[in-house]
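Student: What follows is a structure written as C-alpha cells; I'll ask about it next.
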Amino acid sequence: GQWDITQLTNPTSSAILTAALAMKLGLAPFHFWFPEVLQGSPLLTGLLLSTAMKFPPITLLFMTSPSLNPTLLVTMALLSTALGGWMGLNQTQTRKILAYSSISHLGWMAIITSYSPKLALLNFYLYALMTAAVFLSLNLTKTLKLSTLMTSWTKAPALNAMLMLTLLSLAGLPPLTGFLPKWLIIQELTKQEMAPAATLISLLSLLGLFFYLRLAY
C-alpha cells in the first residue's frame, strides 16, 4: 500500500494533519506558545519566527490543502482572527502586539486555504514582507514598548512615517498593499457561498485595526 499526505481520505487523519499544521503555525486554539516566545526573543529573532519559520508549515498547508478539514480550518481561522484582535488590544509591548497581529493574519490565510491555496500563499508573502519591514524598523529605533515608540518620532521622522504606513497596510486599509489580499479573500469566500464567514472575519479584523492605529499614532 501507499500513503500520500497530499491526498488523505480518512477524516481522522485529515483532522490530525490540520491540527498539527495549526500548532506549528500558531493558529488558535494552539496559539499560546507564540506570543510568549516572541516576547522573550530579540527583535531579529522575532522577525525570523514570524516570517521564515512559518514558511515550511505554510508550504505544507498549500500542498496538503485538498486533504485538510475545511470546517475545522474555517473555525480555527475565525477564532484566530477574533483572539488575535482581542488579545492585542491591551498589550504595551511591541513584540506581543506583533505576535497577536501574526495570529490574526494567519486566520485570513487559513480561511481561504481549502478554497484557493494560491491566494493563501499570496497573503503570506505580502504579510512576510510587511512584517519584516516593521520588525527591521523597530530594531533600528530599538523600540520594545509603545511608550518608546511615541518618543521615537523626533529621532527618526522618515523611518517612523514609513513604519506608520506599513502598519496601516498590515491593518488592511485601502489603498495600501495589505488591502488587496483581504479584498480578494472576501471575493473568493462570497463566490464559495460563504458570505457569513466573510462578513464575520471582516468585522473581527476591525479589532486588529484598533491596535495597529495605536502603534501607528
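Cβ from N, Cα, C; glycine included.
So TrEMBL has the following annotated:
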type	residues	note
DOMAIN	13-207	domain 'NADH:quinone oxidoreductase/Mrp antiporter transmembrane'
TRANSMEM	15-34	transmembrane segment
TRANSMEM	71-90	transmembrane segment
TRANSMEM	97-116	transmembrane segment
TRANSMEM	122-141	transmembrane segment
TRANSMEM	153-174	transmembrane segment
TRANSMEM	194-213	transmembrane segment
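Help me picture where these features are in the structure shown.
Tutor: Note on the transmembrane segment (15-34): residues 5, 8, 49, 54, 56-58, 60-61, 64, 67-69, 72-73, 76-77, 79-80, 82-84, 99, 102-103, 106-107, 110 of its chain, located 6 or more positions outside it, place their CB under 8 angstroms from a CB of the stretch.
Residues 15, 18-19, 22, 27-29, 31, 35, 96-97, 100-111, 113-114, 194, 197, 200-201, 204-208, 210-211 of the same chain lie 6 or more positions beyond the ends of the transmembrane segment (71-90) yet place their CB under 8 Å from a CB of it.
With a threshold of 8 Å between CB atoms, the same-chain residues lying at least 6 positions outside the transmembrane segment (97-116) that come near it are 22, 25-28, 31, 34-35, 38-39, 46, 50, 54, 58, 61-62, 65, 68, 70, 73-74, 76-85, 87-88, 91, 123-124, 127, 131, 134-135, 146, 170, 181-182, 185, 188-189, 192, 194, 197, 201, 204-205, 207-208, 211-212, 214-215.
A Cβ distance under 8 Å defines the sequence-distant neighbours of the transmembrane segment (122-141), meaning residues of its chain 6+ beyond its ends; these are 43-44, 46-47, 50-51, 54-55, 58, 94, 98, 101-102, 105, 108-109, 112, 148-149, 152, 155-156, 159-160, 162-163, 166-167, 169-170, 177-178, 180-182, 184-185.
A Cβ distance under 8 Å defines the sequence-distant neighbours of the transmembrane segment (153-174), meaning residues of its chain 6+ beyond its ends; these are 101, 105, 127, 130-131, 133-134, 137-138, 140-141, 182-183, 205, 208-209, 212-213, 215-217.
Here the transmembrane segment (194-213) has Cβ contacts under 8 Å with residues 74, 77-78, 81-82, 84-86, 88-89, 91, 97, 100-101, 104, 107-108, 111, 115, 167-168, 170-173, 182, 185-186 of the same chain, all six or more residues outside its ends.
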